[in-house]
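Feature list (source: TrEMBL):
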DOMAIN    1-52  domain 'G-protein coupled receptors family 2 profile 1'
DOMAIN    68-319  domain 'G-protein coupled receptors family 2 profile 2'
TRANSMEM  74-93  transmembrane segment
TRANSMEM  105-127  transmembrane segment
TRANSMEM  147-173  transmembrane segment
TRANSMEM  180-202  transmembrane segment
TRANSMEM  222-246  transmembrane segment
TRANSMEM  266-287  transmembrane segment
TRANSMEM  299-318  transmembrane segment
């Protein structure tokens, strides 16, 4: 049969004599009796939607992917910068040390890990353009892909924790939320770790091919897809239930005062993130990887790269408490600088004052040896 083949854009799996292989964009190649691959049909320019007048369809696609890489790299860089800044703000001020912000911080870390995973995956898998991706099957590339999948799992599980915490606040108003924080941390990191451990073992024993970024039978990937869809489904149920509880509380006015406004602020952020980060996954989860490839790129990489920035904006930078505390700290720093300046300026003024010179001369007069001898002589004379 025909061996795996990398044509510069796509990896064609092994095929038997006379077998026809299909890949994304509905491209086809035949394995001929001479054990050679036929040319892709239809051409890349036609199958993948390029300009038919262009004679360099694959080159155009490479250029398109290169431009797209720059966009999502900038998006992830902006997300990492904003998330690290938000982490520093929550860690630096003791006022923000509470269960709610601890959960936010773990969500921030999961998005930072996702950005790092994307950069690592690109560096390991696509740094060398001459590399044959069909034959590449190193420990490094498998670890990079596994780390990437773990970061995605952590994103969705910590978003689920955000939803569960919000509902816990609304339902258990008089119960301290501190007793749940370690359970939240255990679930947020433990569940993705358990899923990844299962997926890695399955890949090793049943589908240890390539860099684990392919899924020939489409079953193994459901070890990751299944839990993610479950978190999205639970979050959607929470989404409906929280809206129902909030409407009931606002109508009955049982929430009361600052607590009610606090719940509403937290609910606005979480309820916005649940559909924002979950709907697109449901749309694409039940379709083959080749379906809607361009839309997947725009949503999962293009828009997805800025998700971390949106999270930092909603939970930190647009938070009225954070803005107020930062303004107070800024005023405090300015006041301290003013006091330091006035103290330093006042000290210099006193040192240069004529009164200060007179005082110094008087002090020198008192400790002068001549004055001491004169005083002694006067004492003897008087005796």
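Just so it is clear, glycine is given a Cβ too, placed from its N, Cα and C backbone atoms.
Automatic prediction, not curation, is the source of TrEMBL annotations.
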Integer average pLDDT (0 to 100) for the domain 'G-protein coupled receptors family 2 profile 1' (1-52): 65
The transmembrane segment (147-173) vs the transmembrane segment (74-93): 3 or more CB pairs under 8 Å: no
Cβ pairs under 8 Å between the transmembrane segment (74-93) and the transmembrane segment (299-318), at least three: yes
Contact between the transmembrane segment (299-318) and the transmembrane segment (105-127) (at least 3 Cβ pairs under 8 Å, separation 6+): yes
